[in-house]
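Participant: First the structure, which I've put down as structure tokens, then a few questions once you've had a look.
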């Protein structure tokens, strides 16, 4: 682990994974990513996209400043190259992955300097075999970017806790200020324990000076972001405050996060078991006894405690602490291995066994995510290869119904294709469309019709199926009273163009949905423990398909 060649190999593998493998193969795990970030970014780059109520100037709880760095990358790509539109999607993901690599590389160097090179290398291994990080680090979400920025904050926190450097304390807070003001104000919670540490260990005068510097950084960052968002919305738009007001201060039974679903207290423990190998979680608990870093561990547990108390829970809410979990685990693993320094053979056996279990469980989870949940991206990508020589209309309508929430991004659609929603069993508020005429500011500032913050259905967002040119759906039974498209009984000359395998959640067992088991092992388990194994493992797939309604031709 101390060998320079090992370090270089791990970093090269990390770079390859973050910049190529993840952007290419990772899934989109949340429709909020699609409709609240990919679609507005598509509007900035290509002039059209779906619009959620959060982007209505009436509510303005999503930040355009958050999207501007990605627009600045994609604008020259589209201006000076002839790349097809779907490349915007993968280039953006690659940029996120590259940013993740840079943050991880710098933290690796800091861990090596402040703690030990072996701990740093173990941390990289735990980061590589981290199913949660695999998809989170290339997601276009404020919580995902906050996760990456907090790696930068952790780097400076380590330096501060090792040297007492005030400048590194300030830099750590600056990273978190940026993450909070750009779109997710709750990450400020993570800095509270570090602030307490500084307060307890410095004189009043020094604390006041540092507080002034931090307030200045916070104010300048907030001013820049608020001015940017206010220009886009055409009115004063303190987005971070609006998010806090909607989700906490003004939350009620009719509006607020809880109307989108609530989960029990054990949702997050189960989620962590899916996103981290079991040895990493066990080691992370042991790592908190490295008391020199107590402000970091206090941040970790404060975050879990605060979000466990909230009825509305989502996987992405835990993203910012992912790096702390692997850091704590790597410290603990290093200390455990040192207990066996006098028994080198046993030490090597323990090290190899733990790393193999970590890698095996992580790969099982990652392969399951790719195999089970990436069909929507694969199917929508087919539009880039379809022969559009005989385009049937200036605008081609790509429709979907019950599968609306699996739509990945309009970047996967050609320039003249638009996503439309037909009637289905969904009874909440669907996204509408940004206007396509006028300047970008006019499109953003126009008050959309039929928007509300109570998730109330709006019929104005329905599209008649008779005006659909393509349709995306799973080949599964429908609700005959609510769904208007039946993929099992195609009518009106609809043809099946392309399909990809998608997990059948209702008919798959819990382990089959969550983990991939190689077929030889699956067969062995069916022989050894047939009854018990079949109760917990089984995978069934359905087709996720693209259908076309051919144009009528005249002789």
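One-based numbering along the chain as shown.
Every residue, even glycine, has its Cβ placed from backbone N, Cα and C.
Here's the feature list from Swiss-Prot:
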- 1-7: topological domain 'Cytoplasmic' (TOPO_DOM)
- 8-28: transmembrane segment (TRANSMEM)
- 29-62: topological domain 'Lumenal' (TOPO_DOM)
- 63-83: transmembrane segment (TRANSMEM)
- 87-107: transmembrane segment (TRANSMEM)
- 108-113: topological domain 'Lumenal' (TOPO_DOM)
- 114-134: transmembrane segment (TRANSMEM)
- 135-176: topological domain 'Cytoplasmic' (TOPO_DOM)
- 177-197: transmembrane segment (TRANSMEM)
- 198-213: topological domain 'Lumenal' (TOPO_DOM)
- 214-234: transmembrane segment (TRANSMEM)
- 235-268: topological domain 'Cytoplasmic' (TOPO_DOM)
- 269-289: transmembrane segment (TRANSMEM)
- 290-316: topological domain 'Lumenal' (TOPO_DOM)
- 317-337: transmembrane segment (TRANSMEM)
- 338-349: topological domain 'Cytoplasmic' (TOPO_DOM)
- 350-370: transmembrane segment (TRANSMEM)
- 371-555: topological domain 'Lumenal' (TOPO_DOM)
Participant: If contact means at least 3 Cβ pairs within less than 8 Å, sequence distance 6 or more, would you call the transmembrane segment (63-83) and the transmembrane segment (269-289) in contact?
Facilitator: no
Participant: Does the chain bring the transmembrane segment (8-28) near the transmembrane segment (114-134), so that three or more CB pairs sit under 8 Å (pairs 6 or more apart in sequence)?
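Facilitator: They are in contact.
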Participant: Taking DSSP states H, G and I as helix and E and B as strand, how many residues of the topological domain 'Cytoplasmic' (135-176) are helix, strand and coil?
Facilitator: 35 helix, 0 strand, 7 coil
Participant: Mind tallying the topological domain 'Cytoplasmic' (338-349) by DSSP state, helix then strand then coil?
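Facilitator: Once the DSSP states are binned, the topological domain 'Cytoplasmic' (338-349) shows 7 helix, 0 strand, 5 coil.
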Participant: For the topological domain 'Lumenal' (290-316), find every same-chain residue at least 6 residues outside the stretch whose CB is under 8 Å from a CB in it, and list them.
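Facilitator: Same-chain contacts beyond the ends: 29-30, 32, 132, 136, 139, 141, 143-144, 154, 157-158, 161, 186, 189-194, 196-197, 257-258, 260-263, 265, 267-268, 271, 275, 324-325, 327-328, 331-332, 335.
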Participant: What counts of helix, strand and coil residues does DSSP assign across the topological domain 'Lumenal' (108-113)?
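Facilitator: Helix, strand, coil within the topological domain 'Lumenal' (108-113): 6 helix, 0 strand, 0 coil.
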Participant: Using a Cβ cut-off of under 8 Å, list the residues of the same chain at least 6 residues beyond the topological domain 'Lumenal' (108-113) that approach it.
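Facilitator: Contacts of the topological domain 'Lumenal' (108-113) (Cβ under 8 Å, skipping residues fewer than 6 from its ends): 11, 119-121, 123-124, 155, 158-159, 327, 330.
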Participant: Other than its close neighbours in sequence, what residues sit by the topological domain 'Lumenal' (198-213), given a CB gap under 8 Å and a spacing of at least six beyond its ends?
Facilitator: 160, 164, 166, 169-170
Participant: If I take every residue in the topological domain 'Cytoplasmic' (235-268) and average their pLDDT values, what number comes out?
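Facilitator: Averaging the confidence scores along the topological domain 'Cytoplasmic' (235-268) gives 91.
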